[in-house]
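Annotation comment: TrEMBL describes 16-38, 44-61, 68-92, 112-130, 165-182, 214-233, 283-302, 322-340, 346-371, 444-465 as transmembrane segment.
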Amino acid sequence: MTMLQHWQQIYDPMGNIWVSSAIALIPIIFFFLALAVFRMKGSVAGTITVVLALLVSLFAYQMPTVMALASLVYGFFYAPVAFGAMGIPIIVAGQVSGVETMEISQMVGRQLPFMVPIVLFWIMAIMDGWRGVKETWPAVIVGGGSFALAQYLTSNFVGPELPDITASIASLVSLTILLKYWQPKHIFRFANEDDSMSENLAAQKQQKYSLAQIAKAWSPFAILTVMVTIWSVKPFKDLFTKDGALHDLVISIKVPYLHQMIQKMPPVVAEVKDYDAIYKFDWFSATGTAIIIAAIITIIFLKMKPKEAVVTFAETINELKIPIYSIGMVLAFAFIANYSGMSATLALALAHTGQAFTFFSPFLGWLGVFLTGSDTSANALFGALQATTAQQIGVPEVLLVAANTSGGVTGKMISPQSIAIACAAVGLVGKESDLFRFTVKHSITFTVMIGIIITLQAYVFPWMIP
């Protein structure tokens, strides 16, 4: 029996980085067109995209067939981290780039706060045009300003673990206080809301609720927040690390025909490095377990009948079966792109833009989150490349590593996984293409804005860099 040989990634299979990039872009361009132009369902678009990615990896990148198929299966069953719990994206960025985590936290905290009021005004304009902006600007200034200030202070003086939590609390409290003394002139209604709905809302507004009723209504969210926070803090996570007391609860499987059978090559990494492929079934330490426990506690607290809970759970699973498949196919494509070297080809092409790379830098994070659905994964993919490119063009490494994280935030709204989950949550399964077409232009615009901020910080306001 012939033993499978190691395979080294090739980042420029066509002998021209731009031609190679065009080849690597084929699956991505198709996916964009499938959703935005052809209006295919996410599950269909994802399946065809995987087939195209396989063909490119096999015939253009000369990836061994068994490794390509192994990466497909690994990706399909991979459970993505949909959000970076307690600063994990920035911590990972520091680990792969060699830049101090606190410095990255400070730099991100000097980039994203500029976007907060812009995004809020943008949303008001989308919903109700100029009238919406004029009538809600006090709430935008107070809510967005308090969020941005808390985000900046926490990220710069505390660390990366708490900025979004402190910022959210600050914004909620500030808006609550503001609304005690100020109200907009008009109450916004969607076009499809009829008079009866408006009357019901008006009646509800007149009704007074006791503190106990309000607390009970908020209890599911409070319980969920507490449980997810516990699961996200470092002491709890440390229990499941290699030397942790509960490490045995984590089941690790080395993916056959893939684990350390592929080698990453310079300049994507500093030196030749085996590419790990370990499937971790962390059934207890996963955030999903915290959510299940929170659901059980909520059922008990609200005295919900067990039969109703089971029926609700079954209905939810039924609604999510197609989105689950769609997410699996998108992740299968992402893993094929990563293990074949296609993702690295696109990154290297952007790095060839020289001094202009400061503008394109956040687009790497944007691309990474689009592919994987996770800012953490995007930083793991491109954090080291950002640092290396920064050295080559003579700008501080921390600036571009932070740009990868900031750009990733804007990619979240078009991540196929996020879109699939959002559609499933509101009963719009099969409408993924409509949501994608609506959000993609805003996502690209925000990424351009961040690119401008990064470029200004690099060449005009370098004093902002820690």
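Just so it is clear, glycine is given a Cβ too, placed from its N, Cα and C backbone atoms.
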Within-chain partners of the transmembrane segment (283-302) [C-beta distance under 8 Å, separation at least 6 from its ends]: 79, 81, 85, 216, 219-220, 223-224, 226-228, 230-232, 236-237, 239-240, 246, 249-251, 309
Same-chain residues near the transmembrane segment (165-182), Cβ under 8 Å, at least 6 residues beyond its ends: 138-139, 142-151, 153-154, 158, 229
Same-chain residues at least 6 beyond the ends of the transmembrane segment (444-465) whose Cβ lies under 8 Å from its Cβ atoms: 107, 110-111, 114-115, 118-119, 358-363, 366, 395-396, 398-400, 403, 406-407, 410-411
Remote residues contacting the transmembrane segment (44-61) - C-beta distance under 8 A, at least 6 residues beyond either end: 9-10, 13-14, 20, 23-24, 26-28, 30-31, 34-35, 38, 68-69, 72, 325-326, 329-330, 332-333, 336-337, 340-342, 416, 432-433
